[in-house]
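Peer 1: Grabbed the feature section from TrEMBL, which reads as follows:
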type	residues	note
BINDING	G81, P82, E83, S84, S85, G86, K87, T88	ATP binding site
COMPBIAS	349-358	compositional bias 'Acidic residues'
COMPBIAS	359-382	compositional bias 'Basic and acidic residues'
COMPBIAS	388-398	compositional bias 'Basic and acidic residues'
DOMAIN	51-210	domain 'RecA family profile 1'
DOMAIN	215-290	domain 'RecA family profile 2'
REGION	349-406	region 'Disordered'
Amino acid sequence: MASKSTNSRENVKEITDADARQVALDKALKKITKEFGDGAVMKMGEKSLTNVEVVSTGILSLDAALGVGGFPRGRVIEIYGPESSGKTTIALQAVASVQKQGGIAAYVDAENAMDPTYAKALGVNIDELLLSQPDTGEQGLAITDALVSSGAVQIVVVDSVAALTPKAEIDGEIGDQFVGLQARMMSQALRKLTAQIFKSQTIVIFINQIREKVGVMFGNPETTPGGRALKFYSTIRLEVRGSKQIKVAGEDDPIGKTTTIKVVKNKVAPPFKKIETTMTYGHGIEPVDDMLNLAVNHDVIKKSGSWYSYKDERLGQGAPNAVNFLREHPDMLDEITTKMRKLLFDPEPEADAEDAEASDSKKPATKKAADKADDPKPETIKPDVSFDDDKGNDDKNNGDGPIQLV
């Protein structure tokens, strides 16, 4: 009897403690809500964090490599790499994608190197693009903060971090030492910007260059300007490198190059995916050609020898002819693109129903068969894009020579 009464007292005490904790929690939540507004604190079950809103990069293979279908809204993106590797091209194609959806885009041109003709060729509406060419790094970051805080701009591109020069350095003499000045400026700005970026759901892309660290004997000697803050605050970091040149057979001048894009950091999907795509000089990454290659890999478009076909329609012999055919038939192009996006990012529920029916039809009749069926079987997964496990500098491979187009 004594033990039963002791247990009951302990249960009462536990219930009382739990009630007291809940009352204290409710009071704290009411105080926080009153002071900071609704949504300052919430349970994760009340608002899903798994469904990330994204904007397509305009490059289907890159959307697939990012794992969520594009650049996530309300996040910081860093794109870095050597000169003329395609960093600005990727950013401008993302700007064009936002504008096609009716969004407003801004471009903070700290390098004073914005080429409106090239941007127009990539699909950017330069008449509607907001452009700023700041005099100092602080001014450029302040303009970025004002645009983000307005909540009216869907994407802001800062080109580039290395060109965001602190005012003290501009006012000083050439040769003066300003140790860590730019890093402190970037760290302070990102601490302020990050919360506003999330609230306004603006995509902010920082384009960055690379530098060599002095005295590094082992490992990767490359680093990016602006300190470490941008590396930490970025949701996605893309490393862009050009590799082999592309030439037309019989001609000496290259018409483009193959470009490798590696997802070195990704907070919304598995990182370290790598794609290789074609970049044509003056036209950027051709989205139709990129989609064609991805559709062939997923058997949406059939390739027999050098001929391409979709359903019962022949697209042409050779990739250039197939691409031209799809451009001339936009309805078919839209149909294939929609099918590819659904295949990559929206798994069909019919497949689950078929799997359920198949599993019902294969139910074991005996206990021995049931025990055997319950044994786990390894699952083979074939990635859509390649994974890169090498964290070192594997981008110094410029290829053995140019690719020849016949």
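Each Cβ is built from the backbone N, Cα and C atoms, and glycine gets one as well.
Explain the structural surroundings of these features, please.
Peer 2: When secondary structure is read from DSSP and collapsed to three states, S85 (ATP binding site) falls in the coil class. In sequence order, V240, R241, G242, T259 are the residues near S85 (ATP binding site), counting only same-chain partners six or more apart with C-beta under 8 A.
Regional average pLDDT for the domain 'RecA family profile 2' (215-290) in the model is 91.
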Peer 1: Other than G81, P82, E83, S84, S85, G86, K87, T88, which residues of the same chain sit close to ATP? List them in sequence order, counting a residue when its Cβ is within 8 Å of the Cβ centroid of the site.
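Peer 2: Going along the sequence, the neighbours come out as V240, R241, G242.
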Peer 1: Least buried of the binding-site residues G81, P82, G86, going by other Cβ atoms within 10 Å?
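Peer 2: Counting other Cβ atoms within 10 Å of each of the binding-site residues G81, P82, G86 gives the minimum at P82.
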